[in-house]
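According to TrEMBL, the features are:
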BINDING   10-15, Asp35, Arg40, 88-92, 129-130, Glu164, 275-278, Arg345  NAD(+) binding site
ACT_SITE  Cys275  active site, nucleophile
DOMAIN    331-459  domain 'UDP-glucose/GDP-mannose dehydrogenase C-terminal'
Amino acid sequence: MVIKKICCIGAGYVGGPTCSVIALKCPDITVTVVDKSKERIAQWNSEKLPIYEPGLDEVVRQCRGINLFFSTNIATAIKEADLIFISVNTPTKTFGNGKGRAADLKYVESAARIIADVATGHKIVVEKSTVPVRAAESIMNVLRANQRSGVSYQILSNPEFLSEGTAIDNLLNADRVLIGGEDTNEGNAAVEELCWVYEHWIPRINIITTNTWSSELSKLAANAFLAQRISSINSLSAVCEATGANVSEVAMAVGRDSRIGPKFLQASVGFGGSCFQKDILNLVYICECLNLPEVAAYWQQVIDINEYQKSRFSAKIIESLFNTVTDKQIAILGFAFKKDTGDTRESPAIHVAKTLLDEGAKLHIYDPKVVIFNISCYYFNVENCQILEDLTHPYITDEPENVKDSITIHSNAYSATSGTHAIVVCTEWDEFTALDFQKIYKNMIKPAYVFDGRMILNHEELAKIGFVVHTIGKRMSRTGINRSWGTPYRV
Ligand code: NAD
Ligand code: UDX
């Protein structure tokens, strides 16, 4: 079989960019991305795409209407496709068995059921979503139990490793593409078909093939390893603050060991994003179900340190501001979980903002992209609503009206910081490093504080201007006053 048509179920942060790049690199293949959300599909077909991702607009512009289509006609796209990616969301379960830890596979199951209902001929079904180990078996069970004559399936696992903010570059120059399949003639043939798609632009040596379960587990393992590095350096940032060591210097020295390497050693207010926490919790749950409590406890610590880091940073802001932020004006710079994305899922900014709101602070929030790009805005017809939606979510508050009254969303950093007691940097947007802090200082209430949760600002310059500066993993001093965050270290 030669793959001529691909359907992708799920037009989200993964389905959209991944299929846009496949369309770009495979002009001989027609790619249709489908979603049950009419609003999302309308945005993919508009000038303002539903997600902000550097380089994405250009790729979509080149292919849309030629060999790349976005549609809500799920059944037709499935019927016509030779290969179907399942790229739906797999959030953490919020109720029932495994609540708060297990992955909720209801969207994967619903995608499998639609395929079973409408498929004709032979289909290669590819798990693109991040799933628990052996999820392919559950998908196959749904497909087989509903199989009609003349229909056959092969299931592959092809997890996605892109990072938001760099998705297009990650897809174009992937370190590796991982494809897992059944070790049978039919399974190997399906693996080869998918390899052929990626070989349009990925060197074969970078396409790894494994058994299905290894592929599924490798995705969880990769995210767990990456998050573990961040929690490791964040745990050491607390030691640095208590001792006078500098976490950037420690990270640099440790990362120069070629066995360790320098990446993912940037201490921060904590990791966020839709993947790390969800996937580690999923891994922890799987280990518990497999009666491997020691392994579960090991990975749980990665999450626990992340919670500790977010709480530690939030507590230090309050403590530094004379132990009360009630009615204080505080600017939050950055609300996305990292730079170059408008995504706020599990953003550490939510934790920091919630803590400050609980203490009675008035928040002035600015983010360069969350403000503008927001899928939910279409439902509420309000710009800026993602931030409000996050902070008034029932998990965050049971007093949404009070929260709304305590938040102002700004369209630039100067207006957000004007008249405030403190600035809290939650996202490492490049534009924050280029701000005129002299001007900002003049318009703030004194003493003016900066809490740099991303270690991106020039702290010495800020201190010279007059700011009281706090950051992660480094003791700050001004006029000889030790502004250590930790318990004073005594030998
Ligand atoms: P997302 O929430 O942005 O998109 C998922 C889309 O699937 C939504 O638009 C939803 O409407 C649609 N959908 C759900 N059920 C459907 C159905 N039955 N029929 C049609 N459409 C349906 O999610 P995402 O961030 O793209 O993540 C998708 C998967 O990829 C998840 O498993 C995630 O863990 C994994 N992943 C995400 C990233 C990332 O950076 N976001 C990276 C790697 C892997
Ligand atoms: C992650 C994985 O990197 C990617 O391979 C997977 O496919 C999806 O999950 P993503 O969540 O998009 O990607 O972004 P990532 O760059 O990994 O950052 C995650 C969080 O960790 C962000 O909040 C980021 O600011 C934080 N981080 C990252 C640090 O705090 N320090 C670092 O050194 C690196």
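Each residue, glycine too, has its Cβ placed from N, Cα and C.
Secondary structure counts, DSSP: the domain 'UDP-glucose/GDP-mannose dehydrogenase C-terminal' (331-459) has 44 helix, 19 strand, 66 coil. For ligand 2, the recorded positions lying close by, meaning a CB under 6 A from one of its atoms, are Glu164, Cys275; the full candidate list was Tyr13, Glu164, Cys275. For Gly10 (NAD(+) binding site), the count of additional Cβ atoms within 10 Å of its Cβ stands at 27 [all protein chains shown].
The CA atom of Glu164 (NAD(+) binding site) is located 10 Å away from the CA atom of Cys275 (active site, nucleophile). Each residue contributes its Cα atom, and for the residue listed as 'active site, nucleophile' and Gly10 (NAD(+) binding site) those atoms are 16 Å apart.
Around Gln277 (NAD(+) binding site), the same-chain residues six or more apart in sequence whose CB sits under 8 Å from its CB are Thr92, Ala227, Phe271, Ile303, Asn306, Glu346, listed in sequence order. Reduced to three states, the DSSP call for Thr92 (NAD(+) binding site) is strand.
In this view, Asn89 (NAD(+) binding site) is surrounded by 19 other Cβ atoms within 10 Å of its Cβ, with every protein chain counted.
Averaged across the domain 'UDP-glucose/GDP-mannose dehydrogenase C-terminal' (331-459), the predicted model reaches a pLDDT of 90. DSSP assigns Glu164 (NAD(+) binding site) to coil in the three-state reduction, outside any helix or strand. The C-beta environment of Asp35 (NAD(+) binding site), restricted to residues of the same chain at least 6 apart in sequence and closer than 8 Å, consists of Ile9, Gly10, Ala11, Gly12, Gly15, Ile41, Phe70, Thr72, Ile74.
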